């Protein structure tokens, strides 16, 4: 089971690196989303996948029975998804506003903060 | 049990201040709330440091879940010192912001974002849990994004896109590292990790440590991962770039120091050799970059990169003296660097720009400002008797002690190159006649503004001189911090309790 998830992570990272190598910032952002989802899957898989054993505590008992799934990685992934979603929303807005202001999505043309002339002198 | 309230307060107070400042963002009250909140944070930081110095590392279990299950806040000497220095920088910048930040930016919530940033930085210094550290990084990151583009100039969007994207990648690497580390060790509590790490396959740990090294390396702006920094730090308002320059990269350095002394110590010969090379290359590329620049703030931005190299060098050498040097350097650098950016802000205000070709005559018109620039500038370059001299001296001595002559030479040569680019600022901005023919003076500022702008600069400069003239107490504290880093027994005992250690 972990092997499949690992392969999926690999595929996601491959796709995201391909996208992030593009000059277009929007493609870069999509790559970033894939990468952050790959990271979420890494946490999920590294915590160990235990199918069909939800961590439920029977009424009256103090602890779940042996061998249930570890709930902590899922809590971590949930937190990471929420944070990642917020950051991505910000990044998208930023790129949109940047496009409105700078008139381009091509990173090679974004030289306002680091003008080319200044580097030659 | 004072630590139970003393530990979370440096985080809670800035958050509370942020809420209040947001409610009062449409008037003058907001900025004073921010100043008061920063002062309170500083006082709490000092109380915490006194407690730690008196009674050793302190830990508090949040929600009373015992470690390693709950989230632990823990302060050893290094954490406490960093919280104090965050308080100092926060207060200085909050006062400066009273005059520097426009009403438009205040209405957009500048003071709230600033306080959230301070809370995030303090949180990162105080947490004893790796995932919690990630959350504090995110708090810091999102508020810094806001601060960076506040003002909405075109150049800020350009810088913002680069800053945001590269920092997000670093965050994702950090997060993947956390996932793998949890999968390998089954814990995320730093003290617990330190106990379990030696029992895990060292090869696997080294692989994971590389993910953290790259992740934190981007945050700390080390070679070859620093490109976002000089692309963005010169674009926001001066108060913002001062607090960024002072604190943000240093959180990355702190995280690296924490993890590579506490958790990833299985294969020091491998990991710390990489760090050594990274440190040397960071020092050299940073200072060469600074030499090529022609803008006040861009020169200073490249200096940050170069100075980060010194701190990483101290960590890479890993001898007691070197770690003392790294801690001392960290403290000295935050004060000096924030101050230089504040001076740049005043120069911009009175001379009308930061592009060196377009300003001048500052020495003629504002000799006091020139003096205030010289103190941190010389300190950064390592002139005695200022704080930078001792910081560099300790690091160079440490590398000579273990006969790394080339490293010592690089550290000294980079100091020399720092002077070169500082002379460039001095010659162009202060000595050269102003191309517009005007003579900028400090009296052109309103008295109230002048006070708010100069008070933090003078205080920080005094602090630099004080550390330079009486380095002994500061070195003693740094020594204690280094001892605790290299022998984390007290840290672990504070978090997990004494019984756990005996097992």
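Note that Cβ sites are derived from N, Cα and C of the backbone, with glycine treated the same way.
Caution: TrEMBL annotation is automatic and unverified by curators.
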Fill in the blank from the handout: Per TrEMBL, the transmembrane segment among B:451-470, B:471-490 spans residues B:451-470
Problem - Cβ pairs under 8 Å between the transmembrane segment (B:402-422) and the transmembrane segment (B:451-470), at least three - result: no
Problem - Stretch contact, the transmembrane segment (B:238-257) with the transmembrane segment (B:203-226), Cβ-Cβ under 8 Å, 3+ pairs - result: yes
Problem - Remote residues contacting the transmembrane segment (B:368-390) - C-beta distance under 8 A, at least 6 residues beyond either end - result: 303, 307, 328, 332-333, 335-337, 339-340, 343, 346-347, 350, 362, 415-416, 418-419, 422, 425-426, 430, 442, 454, 457-458, 460-461, 463-465, 467-469, 471, 474-475
Exercise for the section: Examine the transmembrane segment (B:31-50) against the transmembrane segment (B:110-127) and state whether at least 3 Cβ pairs sit under 8 A, considering only residue pairs 6 or more apart. Expected result: yes
Exercise for the section: Answer with yes or no whether the transmembrane segment (B:110-127) touches the transmembrane segment (B:304-331) by the criterion of at least three Cβ pairs under 8 A, sequence separation 6 or more. Expected result: no
Practice task
Run the contact check on the transmembrane segment (B:110-127) against the transmembrane segment (B:6-24): 3 or more C-beta pairs under 8 Å, excluding pairs closer than 6 in sequence.
Solution key: yes
